[in-house]
């Protein structure tokens, strides 16, 4: 009812606010017997956590996850997995001056109209702080999917006006931007340093790829795999657009260019992003997501207070000048949660389906 749960067979429910005591999650539907440790979850949380470079928020949260249930002697039991991350570095006083004001482009105004009450400290439930639990839950899904030969990885493909070509996965984990091109890192750092001096923010584009996905995942018509991915990725804070495969570029393509022709040796292209008719084709699943510039900046912005009076708002506190810098692990997590759910759903209905047609890769 309140939109805090995702999934049908593999479900993730989260709770918690930016300046509350903790974030929690319940992950249900994970098959029993999966070897799972704190390190499996912490690895991705460390990739997302704040304060890891001068280009992100300086809020210092260790994001140390606790497993409360559903794991015994290092293996999942099949029962619900309870997760907890304690908040340790809140500075709620930073927001006392704006508790009766609406920050431009934030959820303050819309939350106020929906609920009649809102947690003004750091955005409360609408804060990207909430995504830490998505990453923890997604790490469980990634671990299981990896046991089935499915690998999910992401990278930053654009920061502001700077496009980042894909060169190598080896570069992605070796810089603060998740850049696949090591030669672009110095340019990205210089751009962010100038942005900070300008007291401004910028958007970004993230690409996330799933390899090893078997054909057949997806539930037409309303639960198409691409529709579910778009739903999940659009639910990430600050995401304003999602593309699958060629995405909006298909508008300028001709049919002879866009269609992914098949040969006995494999597909000749992947404009569909690994999904045909809402069902996985066996090719890599490719999604791109656009994140808006951070709305919390120190440059004054026009707004109103709760009585409708005009005000200028200056947002204090510690904020990411580009939320996209830490979004890659979040995008990976949401794609993993979707694929995990659909893998279990496919198994439940179609486990006995056998076809003689070979599974094609991409040339």
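These residue numbers are counts, starting from 1, taken along the chain as shown.
Backbone N, Cα and C atoms are what each Cβ position is placed from, and that goes for glycine too.
Swiss-Prot lists 44-63 with the feature region 'Disordered'. The NADP(+) binding site feature in Swiss-Prot is assigned to 48, 54; the stated evidence is sequence analysis. Residues or ranges marked as FMN binding site in Swiss-Prot: 125, 126, 127, 237, 238, 277, 292, 293, 294, 295, 296, 318.
Here the features listed in Swiss-Prot are painted onto the structure.
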| residue | record | Cβ contacts under 8 Å, 6 or more apart |
| --- | --- | --- |
| 48 | NADP(+) binding site | 63, 131, 132, 135, 326, 329, 330 |
| 125 | FMN binding site | 16, 17, 18, 111, 119 |
| 127 | FMN binding site | 17, 18, 237 |
| 238 | FMN binding site | 128, 203, 291, 292, 294, 323, 324, 327 |
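When Cβ atoms from all protein chains are considered, those within 10 Å of residue 292 (FMN binding site) total 17, not counting its own.
When secondary structure is read from DSSP and collapsed to three states, residue 294 (FMN binding site) falls in the coil class.
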